[in-house]
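Structure first, then comments.
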Amino acid sequence: MTAFEVRDLRVYYGEEEALKGITLDIPEKKITTIIGPSGCGKSTFLRCLNLMIKEIPYARTEGEVIFDGENVLEYEDEADIIAHRRRVGTVFQHPNPFPWMSIYDNVAYGLRLMGMDEDEIEDRVYEALEKAALLDQVEDRLDDPASALSGGQQQRLCIARALAMRPEVLLMDEPTSDLDPIATRKIEETVMELKGEVTIVFVTHLLPQAYRIGDYTAFFLHGELVEANSTEKLFTDPQDERTKEYIEVEFGPS
């Protein structure tokens, strides 16, 4: 089963072609890691999956991003786009909790916008904090401001905020790049515990991280999809010489 079917996806920023005919299936309830050097199109690819690309006035797309049988790139109605983003959550590179809000209110924010009953909101908040491996650290201080948390805790709070919406897909754009090794490992453990429940697309520039957590890996270079395979196969037996060279430079010989 696939969560997304991407077909001949092209993205233009003005005259610059940022993605060049990407065709890729994202398997359902697995972790797909996206690797490649800076500027290769990894983040642009995520923006197409969550339709953030539509917020960029000078961006133009071609091709298809099929989700639940529909090409979501054709959505124009704001209600359809918002509904899609509820099903496809996103965690960004830099932790971005609302610092003026309490820990609890950060997680509850999107649910309140939906007009959900407060009793159900409370259940969802606790559920999301537990799934994000944060509940045991904050349960007795949910009224504290989010700014009181460490960087790693703030990122897990952002994961909880996304999970509270019960998304079918969670997109993660280099979510550990600002974190120390201990916080990074906790995020990785959280992500691996979530697979099986949620489809995860995880962008990373850290090849050891991709190897640790990915079920499948896609290698992007200069806006092209060079190769995609099971993570084990891609790292140990790459089929394209460009993949092999990149892995050997960044990760060591396979």
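Cβ from N, Cα, C; glycine included.
Annotation comment: Swiss-Prot describes 4-247 as domain 'ABC transporter', evidence class sequence analysis. The ATP binding site annotation in Swiss-Prot covers G36, P37, S38, G39, C40, G41, K42, S43.
Known features from Swiss-Prot, placed on the structure.
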residue	record	contacts (Cβ under 8 Å, 6+ apart)
G36	ATP binding site	K42, H205, F219, F220, L221, Y246
P37	ATP binding site	H205, L221, Y246
S38	ATP binding site	H205
G39	ATP binding site	none
C40	ATP binding site	F220, L221, H222, G223
G41	ATP binding site	V11, A18, L19, I22, F220, H222, G223, E224
S43	ATP binding site	D173, V203
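Mean pLDDT for the domain 'ABC transporter' (4-247) in the predicted structure: 95. Those same-chain residues not listed among G36, P37, S38, G39, C40, G41, K42, S43 yet with C-beta within 8 angstroms of the centroid of the ATP site C-beta atoms are F220. All protein chains shown were included, and the count of other CB atoms within 10 Å of the CB of K42 (ATP binding site) stands at 23.
According to DSSP, G39 (ATP binding site) is assigned to coil rather than to any helix or strand.
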